[in-house]
Ligand SMILES: NC(=O)C1=CN([C@@H]2O[C@H](COP(=O)(O)OP(=O)(O)OC[C@H]3O[C@@H](n4cnc5c(N)ncnc54)[C@H](O)[C@@H]3O)[C@@H](O)[C@H]2O)C=CC1
Ligand SMILES: O=C(O)C1=N[C@H](C(=O)O)C[C@H](O)C1
């Protein structure tokens, strides 16, 4: 598989290491210094593009992949208010697009555990729920994309909560997501239910970026030749 890496920072380099070890070929390593490689005549040499850049640049890069007719796997977080628009453009143009707030197998299983716990806790109004995410200090967005996914899964079943907010909740209807930035934390997410009687917490702790990178490579293999909108649930059969 020929891969165009869009974004050659911490994640781009971690993905290159895993993709190369699995026998794939990275043909472009695109960052701020060689943006001409995003033009269709260059991008279209790849079987798939993997996009890990910044919240401000992700959507433009996705559109460049659509223009080049290259399926794209997107890990960048902090831009998902524009997801409906991107999905519509993908379907209208018959392109290939897969996006995930977190590519690791562990977190995708954690998402399922979170959903099950949220469903079990929903009738028990004596428990309040809050969240904490911890990442390295270079992270541009807060709360993390993973924390937002976890929060949306809770909101879908917990009728006591109407929206998530950054930091502490100001009223009982809000689900507070606290963010801490501590180096070199790759990504830690905790969901805690608290009552006067007891607490229940679930935590996922990434030890390094290998899980994110391996999941992104698996998603890229899955996306070669594909049209349409996909998620990690399709890749992992969850
Ligand atoms: N979905 C997931 O599993 C994961 C998602 N992420 C997300 O991935 C993104 C990138 O994370 P890191 O690699 O840690 O960041 P980083 O800051 O180490 O790397 C970002 C790279 O993007 C490049 N870049 C900036 N603008 C660009 C543009 N217009 N076109 C091409 N390249 C451009 C920069 O030069 C840099 O090489 C973040 O949004 C982060 O939250 C990070 C880890 C896992
Ligand atoms: O920026 C990061 O590093 C990470 N970002 C993703 C997120 O926002 O959830 C995934 C992972 O936690 C690492």
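Cβ coordinates are placed from backbone N, Cα and C, and glycine is handled just like the others.
Source: prediction; values computed, not measured.
Look at TrEMBL and you will find 1-103 tagged as domain 'Dihydrodipicolinate reductase N-terminal'. Under the heading NAD(+) binding site, TrEMBL lists 39, 75, 76, 77, 100, 101, 102, 103. Look at TrEMBL and you will find 106-236 tagged as domain 'Dihydrodipicolinate reductase C-terminal'. For 135, the entry in TrEMBL reads active site, proton donor/acceptor. The (S)-2,3,4,5-tetrahydrodipicolinate binding site annotation in TrEMBL covers 136, 145, 146. The active site, proton donor feature in TrEMBL is assigned to 139.
Positions of TrEMBL features highlighted on the structure.
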residue	record	contacts (Cβ under 8 Å, 6+ apart)
39	NAD(+) binding site	64, 68
75	NAD(+) binding site	11, 50, 51, 52, 99, 100, 103, 212, 216
76	NAD(+) binding site	7, 51, 52, 53, 54, 55, 57, 58
77	NAD(+) binding site	55, 101, 141, 144, 145, 146
102	NAD(+) binding site	108, 111, 145, 146, 149, 187, 212, 215, 232
135	active site, proton donor/acceptor	144, 179, 180, 181, 182, 185, 186, 187, 188
139	active site, proton donor	181
Cβ neighbour count within 10 Å of residue 146 ((S)-2,3,4,5-tetrahydrodipicolinate binding site): 24
Entries of 39, 76, 100, 103 (binding-site residues) sitting next to ligand 2, with Cβ under 6 Å as the cut-off: none
Distance-selected binding-site residues near ligand 1 (C-beta under 6 Å), from 77, 100, 102, 103, 136: 77, 100, 102, 103
Env. residues of (S)-2,3,4,5-tetrahydrodipicolinate site, Cβ within 8 Å of mean position of 136, 145, 146 Cβ: 77, 101, 102, 133, 135, 139, 141, 144, 147, 187
Neighbouring C-beta atoms (10 Å sphere around the C-beta of residue 145 ((S)-2,3,4,5-tetrahydrodipicolinate binding site)): 21
